[in-house]
Amino acid sequence: MSWHEQDYGFGTSSENSKINSDEFEDSMDVTEFNNPGEESTYPQANSWNDSNKTKDIAEYYDYSWSGQREANQQIPQPVPVQPRYPDEQNFSMNGETYPSEAYDYDYSGQEEAINAMNILQGNLERSNEYYSEGVPYSEEDLGAYAGGMTEDDQMYSNFNETGEFNLDIGSSKFSYLNAKNPYPAWIAENSIPITAENILEIFQELQAKFGFQYDSMLNMYDFFMVLLDSRSSRMDAENALKSLHADYIGGRNANYRKWYFSSSMDIDDSVGLQNCKFSSNGPKIKQAKKKQKRKSNKAETEGTNEPETSVQIDPLNVSMENWENEMKNLDCETQVRQLALYLLCWGEANNIRFCPECLCFIFKLANDFMQSEDYAKSEPIEDDCFYLDNVITPLYEFIRDQQFELLDGKLVRRERDHAQIIGYDDINQLFWYPEGIARIVTVDGTQLITLPKWERFHKLSEVDWKKAFYKTFYESRSWFHLVTNFNRIWVIHFTTYWYYTVFNSPTIIEKNFRQSVGPKPIPSCHWTSVSLGGAVATLLMLLATIFEWIHVPRKFPGSRPLLKRFLILILFFILNVAPTVFVFGFSTEEQQRTTGRLTVAIVHFIFSVFTFIYFSLVPLNNLFHRAYKSSSRTHLANRYFTADYARLQINDMCVSWGLWLLVFGAKFTESYFFLSLSFRDPILVLSTMKPYLCNITFLGSHLCIWQPKILLGIMYVTDLVLFFLDTYLWYILVNTVFSVARSFFLGISIWTPWRNIFARMPKRIYSKILCTPEVDSSYKPKVLVSQIWNSIIISLYREHLLAIEHVQRLIYHQVNSLDGDGSKTLKTPTFFVSQEDSSFNTEYFPAHSEAERRLSFFAQSLATPIPEPIPVDAMPTFTVLVPHYGEKILLSLKEIIREQDKLSRVTLLEYLKQLHANEWKCFVRDTKILAEEDALSNQDLNSQDESMKAEQLHKKFDDLPFYCIGFKNATPEYTLRTRIWASLRSQTLYRTVSGFMNYSRAIKLLYRVENPDVAQLFEGQMDVLEYELDRMASRKFKMCVSMQRYAKFTADEIENTEFILRAYPDLLIAYLDEDPPKEGETTPQLYAALIDGYSELDENKKRKPKYRIKLSGNPILGDGKSDNQNLSLPFYRGEYIQLIDANQDNYLEECLKIRSILAEFEAFDLKTNDPYAETNALYQNNPVAIMGAREYIFSENIGILGDVAAGKEQTFGTLFARTMAQIGGKLHYGHPDFLNAIYMTTRGGVSKAQKGLHVNEDIYAGMTALQRGGRIKHCEYYQCGKGRDLGFGSILNFTTKIGTGMGEQMVSREYYYLGTQLPFDRFLSFYYAHPGFHINNIFIMLSVQLFMVVLVNLGGMYHVVTVCDYDHDQKLTVPMRPEGCYQLNPVVNWLKRCIISIFIVFFISFVPLTVQELTERGAWRALTRLGKHFASFSPMFEVFACQTYAQSVIANLSFGGARYIGTGRGFATARLSFSLLFSRFAGPSIYLGSRTLLMLLFGTMTVWIPHLIYFWISTLAMCISPFIFNPHQFSWTDFFVDYREFIRWLSRGNSRSHINSWIGYCRLTRTRITGYKRRLLGVPVSKGVIDTSRAHFTNMFFTEIFIPLMLVPLTLVSYFFIDSQPGNPDPSKVTNPILRILILAFLPIIVAAVVSMTFAGMACMMGPLLDLCCKKFGAVLAALAHGITVFMFIIVFEVSWYLEAWCLAKTVLSMLCIIAIQRFFFKIIQVLFLTRELKHDGTNLAWWTGKWYSRGLGFHALSQPSRELICKMTELNFFAADFFLCHLLLFLMLPVLLIPFIDRWHSMMLFWLKPSKQIRPPIYSMRQNRLRKKIVQRYGTMFFLLLIAFLALIIIPLVVAKDLLANFEMDILRTYGLMQPRDTNWTENGTNWTTVNE
């Protein structure tokens, strides 16, 4: 068998052993050194009072103390560590050179990597050519101290002499290899099976033969060698190579191996796919159509015809066995060749890296060619872009052209939705099955599989890919996806609800119900009705199957056969319905009461329950078929790539099932008693209620008698929604309990019994941070621990988190021994015992400070089980990957000390000083010392008296400038320090880079501490020691920032980037480089480039890239972030990747745990295991793909909004992730997770990138890992810092992004595969942790709306009928009193329970955060934080956020438009205008809230219960939350200045264009439905306009037409009933509410149409003439038209009130009906009759000015006037509604505005700042103050006049209602029934009528 049956694999390892946290040597208590040489080796424990010794030690540790001396006390540093501030070095900014003392006064003096270093005998400069990760010396330099080196180092120094790396490749890029071996583990002494030189020759050969790019080859060679070095550092070299080959190619978990068999490549290699026919069970050999010809004439004459041999296909298990045998026999060179070829194919694949199986196919063809004789004969290809241009580019262009067209060198998006785009997944899935590969044909029609294997690779350039690819899944925007994907959720809830509700609805079944007897249904009828739940379940499964038919094309080989399932489901449906039909339809009442019919009903119920359980438990794709055999080829690709779920361990499985059994056990119990059983009485009274004597014109009593049934129907639906909400409620509670229990189990709660975390910290540092087995036992543990602890404390000090006094109390001191023999001993800080002893009153750090938090978490985390670390030199290499686009790199001085805009009241520096007061004090203190030192060194004071010196200095250095801006002398070195301080406390890239470069510091620290012999070896040679530490750190850790825009950075951005590169020269920066277009071309040539701090500068002062790899085109085809990550993937190094965002932080103490974190991947136990050995079980387990980690949101406690955002991240990222990871429900959410790099990059990368569909790119990597067999774990003992949005708008932007992204996920194929294939418990975990959250939000808001509809319909009855007396304890069989009454009190009680349910669902969102705080920080902190949230109106924000989540998902499924929203990184201190907030949030929430508020007002006026107060708060929150959380919203002057801006916003934009105007907002809102006009072919999209396509009618139908339509009858029936005068025996008093409401609803529309046409005619006739003298003619005309509609709004309200006989409740209901009718009418017009919007507002301007001729309309001039008339008709009505709504919102805020000092209290609520630390008011000039006072006077008067007018419209009619009604009665109104009589309750006096059958 050929090697082609090999593929990529991934191996796993056995469980890592955990360290007993309390294991520690008794010698920790020893206070003396007993080892010779310790004192010189670790001289860190000097006395703090010995200044001379301190100086020596500072020099020893290469530590700069300039600016740090205070009272002759300095801090000893055990190990030199890189500071977060730049090193002591000279560097250039703004063309000036700054000395290191300017800013690095207190930081380590590690030499800049590219500057000279002193090594023993003098200055040795780094080589001009060097290796990227810091091999800085030439061999001659190293030879100077070879005598003091180890054997390995001596071998390196003679590297050229051995010839091992004596490479002649014609490039200076390899000169760094001559300096020193950058891969120390891959050396001859380690018995390597193949030398690095030979490996390079293989890479060069493949590059020449296949036409790979030279730089790409160099990059991939280094990539491969780093992998080999990483693996071989912890296992023998041969197994290191084999394990890599197993991970990539041939192992059991290798993706290539799985693809190889799923696509039947083994059959292609043996018999050829061209000889097979395809079926769902795999390829079959074709039957020969004719006999084979004789072989030759010679054979015929000799009679030696050979017998025909039958060709057969080996079974799958046989093929796999052959594969494994082949893998075992591969020699090392072949393994290297295969790995090299794959990596070279992958490295240049560009966007095709998102298609892993496509890459497998390309690699297979390339390998077939490599294995052939033609390969050996082939000549090198001169074009080094041959592979890119002929293989990758055609595929790239197909992908690009699906979404974009290229116009003038720019990509312009096509108007296609996902269902019409053949995306990455569709392309990739073509290669899953042999049927797909068989579709690949060349341009001449030849099938690729018919060609010889070795010719196929070179034929790829001739393939017609358009004929090959097709949609394999339709991601259409439809709610039908939810039916299919989550069918089991619907089955569980709908069926159970049916059982519960029908069982408690006996009156629905009983024919002859009598109230005095009560419900007595026939048992057989009752049970068979309940049993119809099985039919409900079957019907849901039928719908799911039908919709699957729609979404999955039948021609896709991976589609499941649905006809068989459909027919069996129909049979199930018949079996579940037939007994009911038999009992009800074919049985008399006497027969129904027989035992036989009851038996049928019971059997029916049993079968129904069986159906329900079966459909609930079994995934949709597994229905009605047996499990596949392991040897079966049936749907092998689906099993490998979509359903290869890792099995849970037995304990985790028990936890998973236990959690869901508890959830549903509690849910079913509570739902039955609280929801269903309590619903029994309302069902009974409403289902039997018969209204009497109710009539209206046209309909008589035909409608009103059905009012109770209609109300009951709405209540059924509402109860069903609440039934769904209960499940999520119990999920939150039970999940929280399980998470807390696990936190106790892991020991991470402060309530755990072993609370002495600080006392045991030294022991745990020794046992869990240090790799103690590798440490020489002669070294005392205390010595080692002191170095770690002192380094942590010093890092806190350098970051200005601790004052020098705190440091003195916290670190280990070296003191004289008590024995008096002159020896030294270490004094342990009292901190470790003081935390457990209340008698200590010493302050070790500021209370509730960042230092306290970090040290507490570090101590707490060490109490948890942590994998045992391995030696530093054996740890795997890993990379931190940071995507960067436009985030701030380093704050400029202007950004820090000046307000960002005119709306901001505070500078960033002032705000940061208030947030970090103690840290600012430490910073100022250090700055002053630095300034004093500079002053002393710059002036001659020898002739002055000492006292005069001190006095002069004191006068000179006044404290005020330092405390204000951080410096007094505005020289660059001082301003830079302030910039750095602010940047390290903001969300900047500098903070991220400096934080995560702590990994380098941690590795050097651990390596030195654990290897004291290294320090002894280089004793007195600190430069050499530092070099050795740098070499180890750069070998094990890389950090790569993917700066997509680097080549187009501004000068400031370039300067800031250079600053970071000089501070951290090992930092890698990948970016998108560009060459101008060649002659005759319009498209620039793009490259992926890499630089670091060692890259040379060209003549333009730009860094020369180390690698520059040509791309097929613009790689940014998606939403940006995922493409940016993919761009940098070839430049990562090592075995693992940590994905980080550019607003995160990390800390030294957390970085010390890196070895334990990497050990969680269970890949450290591979030392002697051959991955291809039969006995190796490590590679048979599912590999760990993703390792999740905690996040600390450092924006918490700085205001309510930042704290809410932080709390959500904490609960989701920690509390729930803890449980979800254990039960297999956790996915990947981006930061700060660690990824198994080989596993993920061979399966599509670290994210997905189709534009729009994958807007939440990170989570798809998690779903891919879950589907393909990877395990996802969670780490409790490690956390990173994370920034979060702080403003209302930015938080809601993030919410919108997540919501729209979830809408995209719901239509994706990943959700389809997971929803229809996951096992039951795993499915529930996935659903409720991800889509369930958003669906629950939709259900919450739906329940509120349904509740309001119930309230409106109940209020319509409650207002005009007599309600019966009701005693909750007595039965409903008691006669109702008074006579003729309506028994509505059970319905009111049901309302109360509904409100309680909805309240609990909202309140439950606070439980996880409270519990999280309670377990990790204690009861007081939990209560304090919760109290702050409630005092700051956090519940109102939660309501608004819930609505935003729900609206985002709904809008995305209706209109699409999901895009990456860059969330805010700054501090929200600026006041936003009312108009801006209204236009942003009106559509998502304010309009809905106002309609809900009107419903609630009617309900309150008719059915008052105290429970409604909660709904008043909630609905008000939906309307006014944006303004409540707007900084300084209630500042008196700003309020009226803003009101002026609001009036202007309403009025402008009608005579000339204005971006910020009401008409612009209205047009933008409308384009969501209509879209913009299609651009002409070849014409680019207009600037400033987002190209929005028209939404599809079917997508919009549900939300834009169906729901508004349903609200019309649901409100009208209540209105008709309230005006039907129930109980009135006089038929002559019947009114006509139908005609009345139609007139009132359409009168404003007609008036608006007439006004629009009239004014448009006036504009056409007079506009061009008057415009010569009256420039604002159009604006005046528009203002008159809008004013008329506002007046009409008032008329409609007052007339409606008059016609309702001045009954305010009925008037409110009539306004509800008018709004519902108009809303539906306008929706119909917009959806059906409005064409697309023009991309300019020319038609609007032409309408009011009459200038149609100059608008550039072209042929549109014929159709636009009629279209604009429709628009104006809707706009005028919308304007009137917005005018009144906005003023009502402003009037609601007025009482708050009048509260004294409200701005101060409001700021305290938002920012949690004490009154003494409030943000100062802005400073205005005298002219500005005068202007603002005039504005307040003018517009304040206008505001209050309008308020008086509004109040008058309400108060006057109320006062004079009786007189008005008596004096203004009109007979014509009575004649047509338009006038409603005064309210009279005709049922209250008792009649002979009754509402029930007694």
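Just so it is clear, glycine is given a Cβ too, placed from its N, Cα and C backbone atoms.
Per Swiss-Prot, region 'Disordered' is recorded for 1-53 (among others).
Sequence annotations record features per position, and here Swiss-Prot assigns compositional bias 'Polar residues' to 32-51.
Residues or ranges marked as region 'Disordered' in Swiss-Prot: 282-310 (among others).
The compositional bias 'Basic residues' annotation in Swiss-Prot covers 286-296.
What Swiss-Prot lists as transmembrane segment is 530-550 (among others), and the listing cites sequence analysis.
Annotation comment: Swiss-Prot describes 566-586 (among others) as transmembrane segment.
Annotation source Swiss-Prot lists transmembrane segment at 710-730 (among others), citing sequence analysis.
For 1338-1358 (among others), the entry in Swiss-Prot reads transmembrane segment.
Annotation source Swiss-Prot lists transmembrane segment at 1394-1414 (among others).
Summarising the annotation, Swiss-Prot assigns transmembrane segment to 1476-1498 (among others) and lists sequence analysis as the type of evidence.
Taken from Swiss-Prot, the feature transmembrane segment applies to 1598-1618 (among others), supported by sequence analysis. Using a Cβ-Cβ cut-off under 8 Å and counting only residues 6 or more beyond its ends in the same chain, the transmembrane segment (1598-1618) has close neighbours at 479, 691, 694, 696, 699, 703-704, 706-707, 710, 714, 1349, 1352-1353, 1355-1357, 1359-1360, 1450-1451, 1453-1454, 1569, 1633-1634, 1637, 1706, 1709-1710, 1712-1713, 1716-1717, 1719-1720, 1723-1724, 1726-1727.
As annotated by Swiss-Prot, transmembrane segment applies to 1637-1657 (among others).
Residues or ranges marked as transmembrane segment by Swiss-Prot on the basis of sequence analysis: 1673-1693 (among others).
Here Swiss-Prot flags 1697-1717 (among others) as transmembrane segment. Nonlocal intrachain contacts for the transmembrane segment (1697-1717), taken as residues 6+ away from its ends with a CB within less than 8 angstroms of a stretch CB, comprise 1352, 1355-1356, 1359, 1491, 1494-1495, 1497-1498, 1501-1502, 1604, 1607-1608, 1611-1612, 1614-1615, 1618-1619, 1636-1638, 1640-1642, 1853-1854, 1857-1858, 1860-1861, 1864, 1869, 1874-1879.
Annotated transmembrane segment per Swiss-Prot: 1778-1798 (among others), in sequence order, evidence recorded as sequence analysis.
Per Swiss-Prot, transmembrane segment is recorded for 1837-1857 (among others).
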Residues of the parent chain within Cβ reach of the transmembrane segment (1778-1798), under 8 Å, 6 or more residues beyond its termini:
1474, 1478, 1482, 1486-1487, 1490, 1516, 1519-1520, 1523, 1529-1530, 1532, 1535, 1539, 1542, 1546, 1558, 1682, 1686, 1689, 1839, 1842-1843, 1846
Within-chain partners of the transmembrane segment (530-550) [C-beta distance under 8 Å, separation at least 6 from its ends]:
474, 476, 478, 480-481, 483-484, 487, 490-491, 494-496, 498-499, 502-503, 560, 562, 565-566, 569-570, 572-573, 576-577, 579-580, 601, 604-605, 607-612, 615-616, 620, 623, 1312, 1316
Other parts of the chain folded back onto the transmembrane segment (710-730), taken as Cβ under 8 Å at six or more residues beyond its ends:
493-494, 496-497, 501, 662-664, 666-667, 670-671, 674-676, 679, 682-683, 686-687, 1328, 1332-1333, 1336, 1339-1340, 1342-1343, 1346-1347, 1349-1350, 1353-1354, 1357, 1387, 1390, 1394, 1397-1398, 1400-1401, 1404, 1610, 1613
Do any residues, 6 or more residues outside the transmembrane segment (1637-1657), come within under 8 Å Cβ-to-Cβ of it, and if so which ones?
1612, 1615, 1677-1678, 1680-1681, 1684-1685, 1688-1689, 1692, 1695-1696, 1699, 1710, 1713-1714, 1717-1718, 1721, 1743-1744, 1746, 1761, 1765, 1768-1770, 1772-1773, 1776, 1874
